[in-house]
Amino acid sequence: MAATLRIQSDWSRALSRDEGEAWLSCRSPGKPTLYGSVTRRGLRSQGVPDIVASEGFLVGEVTKKSILISCPHENVSTKFLAPYTTFSRIHQKSITCLDISSGGGLGVSTSTDGTMKIWQAANGEIRRLLEGHVYDVNCCRFFPSGLVVLSGGMDAQLKIWSAEDASCVVTFKGHKGGILDTAIVDRGRNVLSCSRDGTARLWDCGKSACLGVIADCGSPINGIAVGTADDSLNLGTPEKPPSEREIGTEGKILLLAREDKKLQGVGLQSRQPVFLFVGSDAFNCCTFLSSTYILAGTQDGNIYQLDVRNTNTPIQVIHRSGAPVLSLLPYRDGFIASQGN
């Protein structure tokens, strides 16, 4: 397990003035944590900050928006990036979920302050307040059109909202526990949800109806992802012909990140199990890198990369820290992971 180098979260603000200081820590499993600091002494040429580190740490390349720091004792280095911009007035407490519209113009987010809001991605200006869930809203995402929002809450309700006037146009009821994640099939005629009740369900947006229970795991499902399966993968055959209201489910596989340490693949149209992988701890999230490769993150900080054609052995297991892996997002030739530290 690799050592983890950290810098306090508001480091860019701390180092924005002369003599500004930010705190460092380097943690390696089974060893005492090393602590230090970085201090700004002024400006170099071209307006780049002159930054030095305390004993045990080294400062590498510094730009106006990034800083490379290493800890030679643990042979670890990390590049820290400053925020491009910060919106501090949208929510009053922690943000639990957010999404950006396909065009990049709007953002939607939920928070432990009990609100769900739509805002301008360019300047953080709040456009709409989406009110209607009882208790906390756990997840939110835009439909591909960017004009409609899907949300799920602890009230076991799934809701569809107009981003233009904040009206709730559809409410789905059927889950017996809080909804923890959602997914959209193709353009959004059908959507998916998973819940603390251990089920994943497929919904028909046009008829406001449940088209079926895709999986019933007997354990909370913390995250889901839907993707097109590799042609060589056997997705199973439906026990009965699918409803004509099912749009775009053929050839799709649904990933289930389960609380009982299992990552499961299910044929979306067939409802048949495709694979079952047992990890080191509860799975919190999952995503597709391609039709062949998938990622899943656990509560104890592991990120598993798997080949859906053979899930017996992971391609790799990445462990940067013991903090829970909370979300995963494909990005260019790699991915972005967020952790609870």
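Each residue's number is its place along the chain shown, starting with 1.
Yeah, the Cβs are placed from backbone N, Cα and C, and that goes for glycine too.
Listed features, source TrEMBL:
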REPEAT    88-129  repeat 'WD'
REPEAT    130-171  repeat 'WD'
REPEAT    172-204  repeat 'WD'
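Note on the repeat 'WD' (130-171): DSSP counts are 0 helix, 22 strand, 20 coil.
Secondary structure of the repeat 'WD' (172-204), assigned with DSSP and counted as helix (H, G, I), strand (E, B) and coil, comes to 0 helix, 21 strand, 12 coil. Within the same chain, residues 96-103, 105-106, 108-110, 112, 114, 116-118, 177-182, 184, 187-188, 191, 193, 195, 197, 203, 205, 208 sit at least 6 positions outside the repeat 'WD' (130-171) and bring their C-beta atoms closer than 8 Å to a C-beta of that stretch.
Residues in the repeat 'WD' (88-129) partition by DSSP class (helix H, G, I; strand E, B; coil) as 0 helix, 21 strand, 21 coil.
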